[in-house]
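J.: So that we are looking at the same thing, I have put the structure below in C-alpha coordinates.
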Amino acid sequence: MAAAFRSLARAMRRTKFSPMYVSRMMLHSHATSFGYQEVREEEKSQLVGNVFTSVASNYDLMNDLMSAGLHRLWKDRLVSKLNPFPGMKHLDVAGGTGDVAFRIIDTINNEKRQALQDSFEDNLLEDTQIYVCDINPNMLNVGKKRAEERGLSEVRSLVWVEGDAEALNFEDNSMDGYTIAFGIRNVTHIEKALAEAHRYDMYSFSVIPAVGDIVAGDRESYQYLVESIRHFPQQEKFASMIDDAGFQKVQYENLVGGVVAIHSGLKF
(Lines of atoms letter the chains of each structure in order from A and count residues from 1; the text may use other names and numbers.)
(Lines give C-alpha, C1' and ligand atoms only; values in the text may rest on other atoms or scores of the structure.)
Protein backbone atom coordinates (compact mmCIF):
# COMPACT_ATOMS: atom_id res chain seq x y z
CA MET A 1 0.00 0.00 0.00
CA ALA A 2 2.73 2.39 -0.84
CA ALA A 3 2.93 4.36 -4.02
CA ALA A 4 5.75 6.25 -5.67
CA PHE A 5 5.45 8.37 -8.78
CA ARG A 6 8.61 9.62 -10.45
CA SER A 7 9.04 11.68 -13.58
CA LEU A 8 11.54 10.60 -16.24
CA ALA A 9 14.63 12.70 -16.95
CA ARG A 10 15.20 13.44 -20.63
CA ALA A 11 18.52 14.90 -21.69
CA MET A 12 19.12 15.83 -18.04
CA ARG A 13 15.92 17.86 -17.97
CA ARG A 14 13.22 17.05 -15.47
CA THR A 15 9.64 16.23 -16.41
CA LYS A 16 7.07 17.89 -14.17
CA PHE A 17 3.66 16.83 -12.86
CA SER A 18 0.63 18.54 -14.36
CA PRO A 19 -3.02 18.49 -13.30
CA MET A 20 -5.70 16.41 -14.93
CA TYR A 21 -9.40 15.87 -14.57
CA VAL A 22 -10.43 12.27 -14.07
CA SER A 23 -13.82 12.01 -15.72
CA ARG A 24 -14.22 8.24 -15.42
CA MET A 25 -14.13 8.24 -11.66
CA MET A 26 -16.89 8.80 -9.16
CA LEU A 27 -15.41 11.41 -6.89
CA HIS A 28 -18.51 12.25 -4.92
CA SER A 29 -20.72 10.14 -2.67
CA HIS A 30 -22.73 10.61 0.51
CA ALA A 31 -21.11 7.82 2.53
CA THR A 32 -17.63 6.38 2.78
CA SER A 33 -15.74 3.82 4.83
CA PHE A 34 -14.02 4.43 8.12
CA GLY A 35 -12.46 1.03 8.64
CA TYR A 36 -15.48 -1.25 8.41
CA GLN A 37 -17.93 1.48 9.41
CA GLU A 38 -19.93 3.56 6.97
CA VAL A 39 -19.76 7.28 7.81
CA ARG A 40 -20.66 10.49 6.04
CA GLU A 41 -17.89 11.85 3.84
CA GLU A 42 -17.64 15.09 5.77
CA GLU A 43 -17.10 13.11 8.97
CA LYS A 44 -14.25 10.88 7.82
CA SER A 45 -11.50 13.50 7.81
CA GLN A 46 -12.31 14.47 11.39
CA LEU A 47 -12.46 10.84 12.51
CA VAL A 48 -9.15 10.00 10.85
CA GLY A 49 -7.67 13.18 12.33
CA ASN A 50 -8.74 12.06 15.78
CA VAL A 51 -7.08 8.69 15.27
CA PHE A 52 -3.73 10.16 14.30
CA THR A 53 -3.84 12.85 16.95
CA SER A 54 -4.28 10.03 19.43
CA VAL A 55 -1.48 7.80 18.11
CA ALA A 56 1.01 10.40 16.80
CA SER A 57 3.55 10.13 19.61
CA ASN A 58 3.66 6.33 19.39
CA TYR A 59 3.13 5.93 15.65
CA ASP A 60 6.64 4.78 14.71
CA LEU A 61 6.82 2.40 17.65
CA MET A 62 3.48 0.92 16.64
CA ASN A 63 4.68 0.49 13.05
CA ASP A 64 7.70 -1.41 14.39
CA LEU A 65 5.49 -3.69 16.47
CA MET A 66 2.80 -4.16 13.83
CA SER A 67 5.29 -5.05 11.09
CA ALA A 68 8.09 -6.55 13.21
CA GLY A 69 10.24 -3.67 12.00
CA LEU A 70 9.74 -4.54 8.32
CA HIS A 71 8.15 -1.18 7.54
CA ARG A 72 11.66 0.28 7.60
CA LEU A 73 12.77 -2.06 4.81
CA TRP A 74 9.59 -1.33 2.85
CA LYS A 75 10.27 2.39 3.00
CA ASP A 76 13.91 1.83 2.01
CA ARG A 77 12.65 0.00 -1.08
CA LEU A 78 10.14 2.75 -1.83
CA VAL A 79 12.87 5.38 -1.84
CA SER A 80 15.22 3.21 -3.91
CA LYS A 81 12.52 2.97 -6.61
CA LEU A 82 12.11 6.74 -6.46
CA ASN A 83 15.83 7.21 -7.24
CA PRO A 84 16.28 10.68 -5.63
CA PHE A 85 18.78 13.13 -7.09
CA PRO A 86 20.39 16.46 -6.06
CA GLY A 87 18.22 19.42 -6.96
CA MET A 88 15.05 17.34 -6.76
CA LYS A 89 11.71 18.91 -5.84
CA HIS A 90 9.79 16.14 -4.12
CA LEU A 91 6.46 15.92 -2.31
CA ASP A 92 5.86 13.26 0.34
CA VAL A 93 2.18 13.21 1.25
CA ALA A 94 0.80 11.91 4.55
CA GLY A 95 4.41 11.69 5.66
CA GLY A 96 4.22 13.70 8.86
CA THR A 97 6.71 11.68 10.92
CA GLY A 98 9.34 12.21 8.22
CA ASP A 99 10.24 8.55 7.68
CA VAL A 100 10.26 8.76 3.89
CA ALA A 101 11.61 12.31 3.69
CA PHE A 102 14.59 11.51 5.92
CA ARG A 103 15.44 8.57 3.68
CA ILE A 104 15.31 10.78 0.59
CA ILE A 105 17.59 13.39 2.19
CA ASP A 106 20.02 10.67 3.34
CA THR A 107 20.10 9.12 -0.15
CA ILE A 108 20.86 12.45 -1.80
CA ASN A 109 23.54 13.29 0.78
CA ASN A 110 25.15 9.85 0.34
CA GLU A 111 25.27 10.35 -3.42
CA LYS A 112 26.90 13.72 -2.87
CA ARG A 113 29.60 12.21 -0.67
CA GLN A 114 30.30 9.42 -3.14
CA ALA A 115 30.43 11.65 -6.21
CA LEU A 116 33.24 13.94 -7.32
CA GLN A 117 32.07 17.31 -6.07
CA ASP A 118 32.08 20.53 -8.04
CA SER A 119 30.29 23.86 -7.73
CA PHE A 120 27.50 22.73 -10.06
CA GLU A 121 26.73 19.73 -7.84
CA ASP A 122 26.77 21.89 -4.73
CA ASN A 123 24.31 24.31 -6.30
CA LEU A 124 21.99 21.44 -7.18
CA LEU A 125 22.08 20.19 -3.61
CA GLU A 126 21.15 23.64 -2.34
CA ASP A 127 18.17 23.62 -4.71
CA THR A 128 16.86 20.33 -3.33
CA GLN A 129 13.43 20.70 -1.73
CA ILE A 130 11.71 17.81 0.03
CA TYR A 131 8.21 18.77 1.14
CA VAL A 132 6.58 16.76 3.93
CA CYS A 133 2.84 17.28 3.70
CA ASP A 134 0.39 15.99 6.29
CA ILE A 135 -3.15 16.98 7.22
CA ASN A 136 -2.48 16.38 10.90
CA PRO A 137 -0.35 18.99 12.73
CA ASN A 138 0.41 16.54 15.54
CA MET A 139 2.05 14.15 13.08
CA LEU A 140 4.06 17.04 11.63
CA ASN A 141 5.20 18.02 15.11
CA VAL A 142 6.47 14.49 15.66
CA GLY A 143 8.37 14.73 12.38
CA LYS A 144 9.89 18.09 13.27
CA LYS A 145 11.03 16.72 16.62
CA ARG A 146 12.62 13.73 14.89
CA ALA A 147 14.34 16.08 12.43
CA GLU A 148 15.78 18.02 15.35
CA GLU A 149 17.05 14.79 16.90
CA ARG A 150 18.73 13.93 13.60
CA GLY A 151 20.34 17.34 13.32
CA LEU A 152 18.11 18.27 10.38
CA SER A 153 16.02 21.02 11.96
CA GLU A 154 18.00 23.74 10.18
CA VAL A 155 18.20 21.96 6.83
CA ARG A 156 16.53 24.25 4.30
CA SER A 157 15.89 21.35 1.92
CA LEU A 158 13.31 19.91 4.33
CA VAL A 159 9.98 21.75 4.35
CA TRP A 160 6.99 20.88 6.56
CA VAL A 161 3.54 21.69 5.21
CA GLU A 162 0.06 21.10 6.65
CA GLY A 163 -2.18 20.06 3.78
CA ASP A 164 -4.82 17.70 2.38
CA ALA A 165 -3.86 14.92 -0.05
CA GLU A 166 -7.07 15.60 -1.97
CA ALA A 167 -6.44 19.34 -2.40
CA LEU A 168 -2.73 20.04 -2.42
CA ASN A 169 -1.69 23.68 -2.24
CA PHE A 170 1.20 23.51 -4.69
CA GLU A 171 1.58 25.04 -8.13
CA ASP A 172 1.10 22.90 -11.21
CA ASN A 173 4.25 21.37 -12.70
CA SER A 174 6.24 22.15 -9.58
CA MET A 175 7.43 18.71 -8.42
CA ASP A 176 9.74 16.02 -9.78
CA GLY A 177 8.38 13.26 -7.60
CA TYR A 178 5.52 12.27 -5.33
CA THR A 179 5.22 9.58 -2.69
CA ILE A 180 2.44 8.50 -0.40
CA ALA A 181 2.92 5.49 1.82
CA PHE A 182 0.32 3.99 4.14
CA GLY A 183 -1.55 7.30 4.34
CA ILE A 184 -3.29 6.53 1.04
CA ARG A 185 -5.73 4.32 2.93
CA ASN A 186 -6.91 7.26 5.03
CA VAL A 187 -8.10 9.62 2.29
CA THR A 188 -11.82 9.90 1.67
CA HIS A 189 -11.51 9.79 -2.13
CA ILE A 190 -8.51 7.79 -3.34
CA GLU A 191 -9.24 8.94 -6.90
CA LYS A 192 -8.93 12.59 -5.90
CA ALA A 193 -5.60 11.95 -4.18
CA LEU A 194 -4.31 10.15 -7.30
CA ALA A 195 -5.52 12.97 -9.52
CA GLU A 196 -3.62 15.40 -7.30
CA ALA A 197 -0.54 13.18 -7.51
CA HIS A 198 -0.81 13.19 -11.28
CA ARG A 199 -0.56 16.98 -11.38
CA TYR A 200 2.62 17.55 -10.58
CA ASP A 201 -6.77 -11.92 9.50
CA MET A 202 -6.74 -13.24 12.91
CA TYR A 203 -3.38 -11.66 13.44
CA SER A 204 -4.78 -8.33 12.42
CA PHE A 205 -7.79 -8.43 14.70
CA SER A 206 -6.37 -10.09 17.76
CA VAL A 207 -2.74 -9.04 17.97
CA ILE A 208 -2.42 -5.59 16.48
CA PRO A 209 -5.31 -3.90 18.35
CA ALA A 210 -4.15 -5.52 21.57
CA VAL A 211 -0.65 -4.15 21.06
CA GLY A 212 -2.20 -0.75 20.42
CA ASP A 213 -4.00 -1.01 23.73
CA ILE A 214 -0.80 -1.84 25.57
CA VAL A 215 1.52 0.68 23.93
CA ALA A 216 -0.76 3.60 23.22
CA GLY A 217 -3.63 2.94 25.60
CA ASP A 218 -5.89 3.37 22.57
CA ARG A 219 -7.32 0.13 21.21
CA GLU A 220 -9.98 1.78 19.04
CA SER A 221 -7.52 3.91 17.06
CA TYR A 222 -5.41 0.92 16.11
CA GLN A 223 -8.52 -1.12 15.36
CA TYR A 224 -9.26 1.49 12.70
CA LEU A 225 -5.72 1.21 11.30
CA VAL A 226 -6.13 -2.55 10.94
CA GLU A 227 -9.57 -2.29 9.35
CA SER A 228 -8.42 0.41 6.92
CA ILE A 229 -5.61 -1.88 5.72
CA ARG A 230 -8.03 -4.73 5.09
CA HIS A 231 -10.55 -2.44 3.38
CA PHE A 232 -7.99 -1.02 0.94
CA PRO A 233 -8.26 -2.11 -2.73
CA GLN A 234 -6.25 -5.13 -3.86
CA GLN A 235 -3.07 -4.60 -5.86
CA GLU A 236 -4.61 -4.96 -9.34
CA LYS A 237 -7.53 -2.68 -8.48
CA PHE A 238 -5.27 0.02 -7.07
CA ALA A 239 -2.98 -0.27 -10.12
CA SER A 240 -6.05 0.25 -12.32
CA MET A 241 -6.98 3.35 -10.32
CA ILE A 242 -3.48 4.77 -10.81
CA ASP A 243 -3.76 4.06 -14.55
CA ASP A 244 -7.15 5.80 -14.65
CA ALA A 245 -5.54 8.85 -13.03
CA GLY A 246 -3.38 9.20 -16.15
CA PHE A 247 -0.09 7.56 -15.18
CA GLN A 248 1.66 5.27 -17.63
CA LYS A 249 3.70 2.10 -17.19
CA VAL A 250 1.91 1.41 -13.92
CA GLN A 251 3.35 -1.53 -12.05
CA TYR A 252 3.56 -2.90 -8.55
CA GLU A 253 6.02 -4.93 -6.55
CA ASN A 254 4.74 -7.26 -3.85
CA LEU A 255 6.76 -7.42 -0.66
CA VAL A 256 6.47 -10.15 1.97
CA GLY A 257 4.25 -12.25 -0.27
CA GLY A 258 1.90 -9.39 -1.03
CA VAL A 259 1.40 -8.15 2.53
CA VAL A 260 2.66 -4.81 1.20
CA ALA A 261 2.94 -3.64 -2.39
CA ILE A 262 4.81 -0.68 -3.84
CA HIS A 263 2.93 0.78 -6.81
CA SER A 264 4.64 3.09 -9.26
CA GLY A 265 3.75 5.00 -12.40
CA LEU A 266 5.35 7.51 -14.72
CA LYS A 267 4.15 10.67 -16.38
CA PHE A 268 5.85 11.50 -19.66
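Using the three backbone atoms N, Cα and C, a Cβ is placed for every residue, glycine included.
Automated prediction, rather than curation, is the source of TrEMBL annotations.
OK, TrEMBL features for this one:
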{"type": "BINDING", "residues": "T97, D134, D164, A165", "note": "S-adenosyl-L-methionine binding site"}
J.: Within its own chain, what residues at least 6 apart in sequence put their Cβ under 8 Å from the Cβ of D164 (S-adenosyl-L-methionine binding site), listed in sequence order?
T.: S45, I135
J.: Enter the number of other CB atoms within 10 angstroms of the CB of D134 (S-adenosyl-L-methionine binding site).
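T.: The Cβ of D134 (S-adenosyl-L-methionine binding site) has 27 Cβ neighbours within 10 Å.
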J.: For A165 (S-adenosyl-L-methionine binding site), just count the other CB atoms lying within 10 A of its CB, please.
T.: 23
